Amino acid sequence: MKIAILYREEKEKEGVLLKEKLSREHEVVSFHEASASNVVDADLIVVVGGDGTMLRAARKAADGTPLVGFKAGRLGFLTSYTLEEVDQFLEDLRKGNFREELRWFIRVESDIGSHLALNDATLERDLSGKMVEIEVNVEHHSSMWFFADGVVVASPTGSTAYSLSIGGPIIFPECEVLEISPIAPQFFLTRSVVIPSSFKVTVECQREINLLIDGTMVGKTRRVIVQKAEKYVKILRPIKYDYVAVIREKLGYGRRIE
């Protein structure tokens, strides 16, 4: 098996350690993420970092190439192992003891280009700007209007990212839905809505505001169209991986108070 190890530049030590252990049984190439080509040619991509590194690695992976993440960041929702679990990973790799989890991208079209996001597309005002009137149209339905600082359109993967911090729900990754969440709306009863992923979402603002793709600023625009993309990433999980346990541990959600 050909394995590529992708790591943040400041995590080179951890990347080298993984390479040494994996090289005993597999062909291994390794590089820090900034030096990686657009598409990584390998049977498996091992990522050392946090969710940001996993997001960037997902874009570099060819369709169908699985990723497995080792947590070397803060939360690590997308990672599957800690750096102390390398031996367990090697054992799982030998026996094929993994579950496959498919995470799909959203496509964001605007006058400044076409982008893929695994988490979310965000339209938001400058810090010094005024609130914005925003029209959101869900395909086959009439429009909704918000007077707010912006709006987030998120995939299930993105439901535990920015969207969660502005009051959006946690969505299980297997769900085929999109989530629309206004940012700091004027009316406190305005809440997130969840729609089928088969519908396109058109967002139009009264003026140009910032467009962010997975938290990265790509420019200013007034109008975007968001829909589920055909591209997906395959993440390998240990057989005993438990999503509820992850959100309980990392977010404190549903934790029993003794």
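Here the Cβ of each residue, glycine as well, is placed from N, Cα and C on the backbone.
ALA184 is the residue from ALA4, ALA72, ALA184, ALA229 that Swiss-Prot records in the NAD(+) site together with ASP51, GLY52, ARG56, ASN119, ASP120, LYS130, ASP149, THR160, ALA161, TYR162, SER163, LEU164, SER165. Across the residues annotated as binding NAD(+) (ASP51, GLY52, ARG56, ASN119, ASP120, LYS130, ASP149, THR160, ALA161, TYR162, SER163, LEU164, SER165, ALA184), the two Cα atoms farthest apart lie 32 Å from each other.
There are 25 other CB atoms within 10 A of the CB of SER163 (NAD(+) binding site), with all protein chains counted.
Counting every protein chain shown, the Cβ of ASP120 (NAD(+) binding site) has 26 other Cβ atoms within 10 Å. For the recorded site, ALA161 (NAD(+) binding site), the DSSP three-state label reads coil. In sequence order, ASP51, ASN119, ASP120, ALA154, GLY215 are the residues of the chain that are 6 or more apart from ALA161 (NAD(+) binding site) and have a CB within less than 8 Å of its CB. Secondary structure from DSSP puts ASP120 (NAD(+) binding site) in a beta strand.
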